[in-house]
């Protein structure tokens, strides 16, 4: 922007900087607060007043989390669904997008229309639940986290846009050399599509990592996810503290489990985030150009 | 190739040459039919007295009985009005927020600072609502919460106020956390539109003596207009849908009446109480209203601003 020389312009600049600084603090501080409180001795933390740094440094909360078999198991389930779910969804959605990116594909417009209509119309949660639980019998099976998440119209459109922009010559020369469409897709197209694959993989990974609703609907005690456990800790905690905190008994154990679990479930996102955010943003850009 | 049978076999041959392409495409087509179109067909149970034993095919038809019951159901009416109030307040405060953020970021002179604030502002979008609600309980705890303590200090609330357990503060918290979570992410699309403005326009305006506010008003905002209108049409279509994750997770024994929105009510009647048909009727009501709202928003936008989504 053009630098303002006037008094009004300069003061506007400083107010603007100040407001955005406030936004940065309001965004970041909640995360900072749970991190420092989680590293504080739990009994001491129950007194409150931990604002800028831990008062009594301790890793007791984390020890408690790592002694909890439910949480360890849920961690395993969440990692498994994130890795398997992401890899399969990228390939499955990508394969569709590649197919409909070919103008010669028979029924191309019809397939695309089938997909796009679902962005505006859906059967709603109950019929969906009945299909997954009653007709496909996926309830209580690990695959209920994988199969219903294999495809996303939005991601398919992002990939379709990317594939359309690839140079035709590369695939044509491979065809002359006798390669079929499967080989072209896996060995030629996928390797040059890393930017869009990374974007889609990240969207999927975040969704899998944060998922709790499908676990609540279709899971069982062996399929609990981290977010689901966290949700249970928070809601049991909140009902206890809201009803009983005035009586002066707060559950120290529940509080420390809550804080350390919150930090552990969020850490992967916060740590990976600075390195990958440009891919996320790319996704929005492609999407907005298309829309 | 000119005779009819040859033409037919050429279609077969074309399919055969595309067999690998079809192998890539058709699994997802099947997936879409199973996970999207069969549930759409399942909407018919809204007009049935569905029982799992009889299934979709054999459950008895009851016409509009579910809808008649719906409109006489006080809990449904309450959830409808909760939904609309929450959505409208979210729209009024939450819709302009990312536009303001984009304009403010664009006016920043320190590019490094701009990049840092921008990156930070997207972060909450990627954490789960479970975590956000956990943060709220932690920061707003009347005994230990930092934000609670600060508000007591500033005399905004009394010292024993449980913000998360009060119907009075519920709406404010719903709207604030929604904005907190999405403002940065939603500003990206506006920043992209601003980046597309020809810098010569700004220079010419400056030469003509336009100050900064005039440049924003006459150049930046008109450049954002199409984006704003399209997102506004989509938001109006979404007025009848509320954020299930947020409201379901924010409810507790003290706030469940305030958190009773259509999606939560439909979940509770359908999947908790097992009234599948009644809950599907609620879902169908939502879809129809959403479609009408979006159509109306699109129509009026086309008449007033000449811009429209479809």
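Heads up, the Cβ atoms here are built off N, Cα and C, so glycines get one too.
Not measured: the values here are computed from a predicted model.
Among the residue ranges A:110-130, A:215-235, the one that TrEMBL annotates as transmembrane segment is A:110-130. Of all ranges given (A:12-32, A:33-53), TrEMBL attaches the label transmembrane segment to A:12-32. The listed stretches are A:12-32, A:142-163, A:184-209, A:257-276; of these, A:142-163 has the most Cβ pairs under 8 Å to the transmembrane segment (A:71-98).
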